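Heads up: the structure comes next, in structure tokens.
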Amino acid sequence: MVLLSAKSCFQPFCYDGFQEESSSYSFSSDLLPSLGAKINQSIKLRKSIISPYNPRYRAWQMFLVLLVIYSAWICPFELAFLRYLPAKLFWVENILNSFFAIDIILTFFVAYLDRKSYLLIDDPKRIAARYLSSWFIFDILSTAPFQAISLLFKGSVNDLGFKILNMLRLWRLRRVSSLFSRLEKDIRFNYFWTRCTKLILVTLFAVHCAACFNYLIADRYPNPRRTWIGSVISNFRSENLWTRYVIAMYWSITTLTTTGYGDLHAENSREMLFDIFYMLFNLGLTAYLIGNMTNLVVHGTSRTRNFRDTIQAASEFAARNQLPHRIKDQMLSHICLRFKTEGLKQQETLNDLPKGIHSSIAYCLFFPILQQVRLFHGVSFNFLYQLVTEMQAEYFPPREDVILQNEASTDLYILVSGAVDLISNIGGTEQVYERLAAGEVFGEIGVLCCMPQPFTARTIELSQILRLSSTTLMNMIQENTEDGNTIRNNLLQKMKLDQRSSTRGDEHGPRVHDEWLEKENRSLSSQYQDYKVQEPTGVSMETRDIPCTPQNHQVANIHRTNTVTEIKQERFQQPMHDTQTTNKRVVIHMLSRKSRSSREQIGKLINLPGSLEELFKIASQKFTHYQPTKVVNQDNAEIDDITIVRDGDHLFLLEL
């Protein structure tokens, strides 16, 4: 039971960074994968070589860190307070040294990370050469049993020179520094408390060393009464070890904190020199501590301070410009929501990643949502995949206007979570036309019809919404005409269902819809007056023309601009075709050697008939006073077979 508890306690220290498929990813050693290869931890090393990221090796390193902490405390303590080392402590020291000696041997079999190629090197010769040319000498000196060696020369272990050499064991502290460097980058540990723990340990170690060194000076001084501790306790050597250590620590802490009670002070030149250097060291240590603590505190409060400043600026802006109370509330609600969700940083994280990873994440997060959207039912996988990479997720607080009625159509929105009301403002009165739930889309009428937004979209609760630029959507539809036709048909079906449900719904539903259509008819009738639908004798419904040029062909592929009063039934409808027509639509242009007006140069969007003769007949009706006899495509290639014409092509008719 105890072993299991210890294992669970130290397990976070034995693994670095993130774990995935039993592989640990370390960021403390600047580990990078090779191009086209897997992460280094998954590479198989030679049989006798140990990976530096092996969990067992990490556990061994953690065990050595605990021994280093003990060595860092006992080493200055032995130098100052223990003239004669007890036998038990002597054997403990040698046992500890044996563990570090084993680690020296083990290092010759541990792979290392090459700084140039960022690959793990498992060649034993290269590992040995690297270790021998770097830290091997220092590890040997810090592990050498100088106390046992001193017995061979003096016969005792109280020689000061060998004790000073024993201070080389402090070289092992680099292991503790590496540990904290790794923990600070590990998101499983709180950075604030990890940093504070490191600062506290640094301070305690400095205070401990200063206390030991100052006592060593007093203990080795010829006249014990002329020392900082002898002036207070004349026979201080006879005091027990604990009392002497506490007095030394008391002096060190009062000096570090610049309290200076005056009860313990330097009595000779040696102590004065040491105090001078210690106080100069304290200046740097204090600056280091204050700087780090200030940085930690400021980092934790900067977000709150910036939030308060932003709220204050927004409130002053609303008051200065006398904005309505509703708009002011929406501003402040949006700022508050942005502050609460700032920790998510979804879009910022995606934008900072390479395009491939960005696309993979977007596919994982948004693709299932797009598949549920009724507007995109039946479209190809490639089309959805292109759309999903362009989606941007945003949060909106309750009662915030996402889009406004009659504003320009710039984006299409997909509701992921929450609820949105579609509101129509008629005669200054707001009426709810429809309430949308998760998985529904809004703003599509304005985007796909290239018209102002017919409704105001207002959130009811906290909502997460995907936003797609209308320019991006229209470009994709232009490149994928079949998917564009599918989207058009889905939108038409949705409008028919909305019309039926509104007639069966509350009394305001149909009136809102009909008044909106009537208003659009009045506002747009003059704009399309010159291009009304004409149906000459003998021309079927499917050959009705719309003004179209190559520049606005993108819009023509989405809808057919008839009279606005027929929006509900004909704007997105692809009529039934007879046996003489195809499912293709083309734009015809008339070219002639005769002079022609600018109106005749405008293209006519028609449904492609079944033969060239019918095409010439339709063209002669569309362009009066002309009798075309030849047709070419945009590349000036003559067309003699109507079946090779593609949907959306521009055809140029010639009169010879």
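Yeah, the Cβs are placed from backbone N, Cα and C, and that goes for glycine too.
According to TrEMBL:
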type	residues	note
TRANSMEM	63-82	transmembrane segment
TRANSMEM	94-113	transmembrane segment
TRANSMEM	134-153	transmembrane segment
TRANSMEM	199-217	transmembrane segment
TRANSMEM	245-264	transmembrane segment
TRANSMEM	276-298	transmembrane segment
DOMAIN	375-494	domain 'Cyclic nucleotide-binding'
REGION	498-518	region 'Disordered'
DOMAIN	585-656	domain 'KHA'
Check your understanding: Based on Cβ pairs under 8 Å, which of the stretches 63-82, 134-153, 245-264 lies most in contact with the transmembrane segment (94-113)?
Key -> 134-153
Practice item. Using a Cβ cut-off of under 8 Å, list the residues of the same chain at least 6 residues beyond the transmembrane segment (63-82) that approach it. Key: 89, 93, 96, 99-100, 103, 163-164, 166-167, 169-170, 172-173, 175-176, 179, 205, 208-209, 211-213, 215-216, 219, 241, 244-245, 248
Practice item. May I ask you to check whether the transmembrane segment (199-217) and the transmembrane segment (134-153) make contact, with contact taken as at least three Cβ pairs under 8 Å and only pairs 6 or more apart in sequence counted? Key: no
Exercise for review: Let me know the model's mean pLDDT on the domain 'KHA' (585-656).
Suggested key: 79
**Study point:** Secondary structure content, the domain 'KHA' (585-656) (per DSSP, counts of residues)
**Key:** 14 helix, 25 strand, 33 coil
Practice item. By DSSP assignment, list the helix, strand and coil residue numbers for the domain 'Cyclic nucleotide-binding' (375-494), in that order. Key: 39 helix, 43 strand, 38 coil
